[in-house]
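Positions annotated as compositional bias 'Pro residues' by TrEMBL: 73-89. As annotated by TrEMBL, region 'Disordered' applies to 69-92. Among the features that TrEMBL reports, transmembrane segment is placed at 96-113, 125-149, 161-185, 358-374, 380-402, 414-438, 450-470, 477-504, 537-557.
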Amino acid sequence: MESFALHSLSTTAASFSHHPSRLSLLRRISSRSPPPTLSLPSLRSHSVQPLTFPLLKPIPRLSARIAAAPRDNIPPPPPSQPSEPPSSQPPQGAKLLPLILSLSVGLILRFAVPLPEGLTPQGWQLLSIFLSTIAGLVLSPLPVGAWAFMGLTASIVTKTLSFSAAFSAFTSEVIWLIVISFFFARGFVKTGLGDRIATYFVKWLGKSTLGLSYGLTISEALIAPAMPSTTARAGGIFLPIIKSLSLSAGSKPGDSSSRKLGSYLIQNQFQCAGNSSALFLTAAAQNLLCLKLAEELGVVIANPWVSWFKAASLPAIISLLCTPLILYKLYPPETKDTPEAPGIAALKLKEMGPVTKNEWIMVGTMLLAVTLWICGESLGIPSVVAAMIGLSILLLLGVLNWDDCLSEKSAWDTLAWFAVLVGMAGQLTNLGVVSWISDCVAKVLQSLSLSWPAAFGLLQAAYFFIHYLFASQTGHVGALFSAFLAMNIAAGVPGVLAALALAYNTNLFGALTHYSSGQAAVYYGAGYVDLPDVFKIGFVMATINAIIWGVVGTFWWKFLGLY
């Protein structure tokens, strides 16, 4: 039909071009009103978009003749809209005040503070650059990756580090394991496997609100080791399910009805996510970074995947089992029963159809990867190689394509700034800066006559609650993990115990505020929870988690021989 219409218009154009009177008529018509549009409105009833054919646009030859014709009686075109003034456009480049403050931190340390005894000028200069980099991660004069790159550049330009030393961490196995983990998370979302698993648990346990919360909690714990991004799990799987269930129960965001169901489910999933991430080494990217930074300080954990799980298993599982019930009492939903939830889940599963080939490939690949992560040390296969094998399978079989990997911007951004921070931390250790700091802290703690258990509790609490100043878990790790681990070791705390406890805390403080982690922004942005409730429940549950992990962990870690 379209070709027929264009042919007809071309014939008409030719006819006009051979008859000046017709051309004059056409000019008079066009001067009176805008070019008319032909449409086929009758097709609307068949759910087809109306087809429109601008009368003059497809006829360039006619348009050229009209343009060349005398302009008598043809009104001038309407004036174009004034362009937006430059002042109203979004600002480009660095934010001035955060930039000045971030640079000031390093400059003051470098030029205003005398070089301490026991440190080399090179180490002192690298420390000043590192602190400016950390200040920039907190104040954000530029995006994280861009600011980290500037810090890396400064270390090379000032000849503090050689090019090879500055970029040494870009070949780190842990960094690349983190990057590949993002690709695995994309595979879960792309295939719909994570969504299917969560929906099954809603079908099985969703007859009551409490059962529904346990179903979502258990499903996240099962998905977590193979989907190492809490934010991806929140935004790609659980938030859509919770919103669907809440709306079906008449619980709407930003409304008094939000307390019927949505507020409770959001708070429960938000608070449980930290324990799910703490349960498995591969459940969150920051876990791998913690172990890498610990290794830089000489704390090496044998068979890390199994050791991490064994130490976390009992306190994390108890917290996961207690959290839905505690929130059910502290922050009760108005709707106690959800008999329609299993039916909604069953309908969704029916719409999803049978398990697809790509989902089966994803299941098999992740089972292989997790098996190699658990047994890899005895087989001589490093964790990163196991991840590379898994990603290669997904690429070969078409579950993921290379464009999927390239479009995973968070993975490449993480590679850039994680590698910078890890590299700087490693060089600070090599230059004796970290040992100097730990010695200073050890002298202070000795002057206070604190036993190592007391120092351990004090330092862990400080590391946890200082997260109110951070908007990123990984940023917190990069800024403070090494320093706090060094202080723990200086106070006499066993290295493995201190490293694991700090790493577990890194996951648990992700639910303190609405800005404390990526998943916090996702869940708060849903509109079901008021800001005062986020802070109140965040603090209360942080205290409860500290009690559970402190009491249960004390006995469990003693049983495992960590101290």
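Every residue number used here counts from 1 along the chain in the order it is shown.
Cβ coordinates come from backbone N, Cα and C, glycine included.
Curation does not apply to TrEMBL; its annotations are automatic.
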| field | Tertiary contacts of the transmembrane segment (477-504), as residues 6+ beyond its ends and Cβ separation under 8 Å | value | 134, 137-138, 278, 286-287, 289-291, 293-294, 296-299, 301, 307-308, 311-312, 315-316, 417-418, 421-422, 425, 428-429, 434-435, 437-439, 441-442, 445, 450, 452, 455-456, 459-460, 462-463, 466, 470, 549, 553, 557, 562-563
| request: Count the CB pairs under 8 A between the transmembrane segment (537-557) and each of 125-149, 161-185, 414-438, 450-470, then give me the winner. | output: 450-470
| said: Can you tell me which recorded stretch out of 96-113, 125-149, 161-185, 358-374 has the most Cβ pairs within less than 8 Å of the transmembrane segment (414-438)? | reply: 161-185
| Most CB pairs under 8 Å with the transmembrane segment (125-149): which of 96-113, 161-185, 380-402? | 96-113
| query | Near the transmembrane segment (96-113), which same-chain residues lie under 8 Å Cβ to Cβ, leaving out any that are not at least 6 residues past its ends? | reply | 124-125, 127-129, 131-132, 135-136, 139-142, 147
| query | the transmembrane segment (380-402): which same-chain residues, six or more beyond its ends, come within Cβ distance under 8 Å? | reply | 173-174, 176-177, 180-181, 183-184, 186-187, 190-191, 304-305, 358, 361-362, 365-366, 368-369, 372-373
